[in-house]
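Asks: Pulled these features from TrEMBL for this protein:
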TRANSMEM  20-39  transmembrane segment
TRANSMEM  51-70  transmembrane segment
TRANSMEM  203-222  transmembrane segment
TRANSMEM  242-268  transmembrane segment
């Protein structure tokens with residue numbers, strides 16, 4: 001041993017706290033937000049407040065629609081229990097076992113209480129993907145070959161295609177269609193911003209309503225997994241139960257926000273167009289609106305020829 005580490009073998013992988021794709025999406029939208037905040041002092045008067053509200057609200061919608069594609073907490077569950085640690089071993093550990101279900105797969109976490117037990121560091125976060133193009137059963141087999149802790153393999157086995165639970169196909173298809181409708185919602189959100197900048201305000205409002213509709217479809221698609229009863233996940237004497245997680249509720253909030261914003265824009269277009277134009281900084285100055293032509297010059301030569 002060299003400082004407690006085997007010299008010729010890689011160290012044990014550390015548990016990941018964030019998805020790299022999620023971080024990239026957040027950084028991109030934060031860059032856009034910071035760029036806008038740099039130019040906002042150049043906007044005068046009350047329009048500065050309106051621009052800030054519109055841009056930040058729109059960016060919040062956009063980042064929420066994209067980031068939930070890569071998160072793993074559409075359904076989550078935690079349980080603390082005394083459980084066996086490895087196969088063919090009678091060693092028992094006290095640990096927190098977490099199950100995090102996303103659109104593209106499942107993350108299973110195992111963290112000891114305390115982390116260092118039986119001369120090992122118990123801190124795992126393993127991802128098993130069921131998205132199209134990946135093989136969940138192969139990932140599970142690789143976990144068996146690596147000798148992952150028994151609680152992780154026990155939970156992962158519930159989602160294999162050969163499991164009696166029979167939830168693999170349901171989660172895979174529901175996640176696929178939920179992801180597809182979310183990408184369509186992102187496209188309609190982009191179109192709504194283009195329409196607001198053209199400006200075609202009422203059509204931008206309609207596209208926000210369409211965005212909210214597709215977000216609702218994604219929630220309904222993922223909710224169909226509830227039609228298949230989940231097998232009981234028993235860890236020692238405790239039972240692991242899952243419930244809707246942060247990504248599900250964030251998608252619901254953004255969908256409701258799109259409906260509220262879309263209905264408000266459409267209603268103001270028909271009831272108070274001047275107020276809507278003021279909010280979007282499109283109202284013309286009264287002096288310019290009613291400006292009359294002061295003097296007209298007529299070429300008498302052209303008039304005589306026409307006569």
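Cβ atoms are placed via backbone N, Cα and C, with glycine included.
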Asks: Which residues of the chain, 6 or more past the ends of the transmembrane segment (20-39), have a CB below 8 A from one of its CBs?
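Replies: Answer is 55-56, 59, 62-63, 66-67, 69-71.
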Asks: For the transmembrane segment (242-268), find every same-chain residue at least 6 residues outside the stretch whose CB is under 8 Å from a CB in it, and list them.
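Replies: Tertiary neighbours of the transmembrane segment (242-268) are 57, 60-61, 64-65, 68, 71-77, 99-102, 182, 189, 201-202, 204-209, 211-212, 215-216, 218-219, 222, 230, 275-276, 279.
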